[in-house]
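First up is the structure itself, then whatever we jot down about it.
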């Protein structure tokens, strides 16, 4: 690598090595392209005992140049039907929101991004989100409304789980 390597790049390389040495149940992660440590491919296995159980969901994590001071963005590239995932696949959870006070007043500063988060803690938060959707401030209004109609919601989720299994 030419010149000095940014602190963010070094930190992400370390996190990648740590995950390779000590894999975590429930997901796998690696670089989309070996020449870019700021873009990761993540595969999340649907958590057991949830509607997403048995599914394999791919996502892209894009890290800013000033990571860990700012959060990455995470976007599912696999089809996803969830109240906290925008229709375009972007994940909406508090820890991925910029640090500090919430301009809308929905979240406490302590619920938002802090530099202590790692790739592992981010993905584990997304897995937790799959297990326990937050219907209070949905990113996907249609999915949140559909949760009221439990059978319809289950049917849509079963469909995306089957579809994800076919992609293997």
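Backbone N, Cα and C define each Cβ position, glycine as well.
Taken from TrEMBL, the feature active site, glycyl thioester intermediate applies to 92.
TrEMBL lists 7-166 with the feature domain 'UBC core'.
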So if I draw a 10 Å sphere around the Cβ of residue 92 (active site, glycyl thioester intermediate), how many other Cβ atoms end up inside it?
18
If you average per-residue pLDDT over the domain 'UBC core' (7-166), what number do you get?
94
